Amino acid sequence: PTVLLPELRSLLASGRAQLIDVRSREEAAAGTIPGALNIPVSELETALQMEPAAFKALYSTEKPKLEDENLIFFCQRGKRGFQATQLALGLGYKGARNYKGAYSEWFQKE
């Protein structure tokens, strides 16, 4: 399940997407898509299995719910975002999707 740039823009504009940047902290600090939460792919499985209160304490935001639609993962070029999407789907996150263009496309076009 993927999302392309025009749909991503629309989802973000309407506030209907939850974006997770799965790149390293260093990569995300250098620039990310506005509103994205940075959870490096190496931490993602642990994060998605945390109790909601622990997740909120660590990431300062509500933990995604299994039934949330448009839980969108992205990385620099697409590979880690794809891995993150597969991981989330495997954990039961029905709305997990990968932003196929990744940050490189966003950076070029925004």
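The first residue you see is number 1, and the count goes up from there.
Including glycine, each Cβ sits where the backbone N, Cα and C put it.
Residues or ranges marked as domain 'Rhodanese' by TrEMBL: 13-110. Summarising the annotation, TrEMBL assigns active site, cysteine persulfide intermediate to CYS75.
Each residue in the domain 'Rhodanese' (13-110) gets a DSSP state, and the totals come to 42 helix, 14 strand, 42 coil. Within the same chain, the residues at least 6 positions away from CYS75 (active site, cysteine persulfide intermediate) whose Cβ sits under 8 Å from its Cβ are ASP21, VAL22, ARG23, VAL41, GLY81, ALA84, ALA102, TYR103, listed in sequence order.
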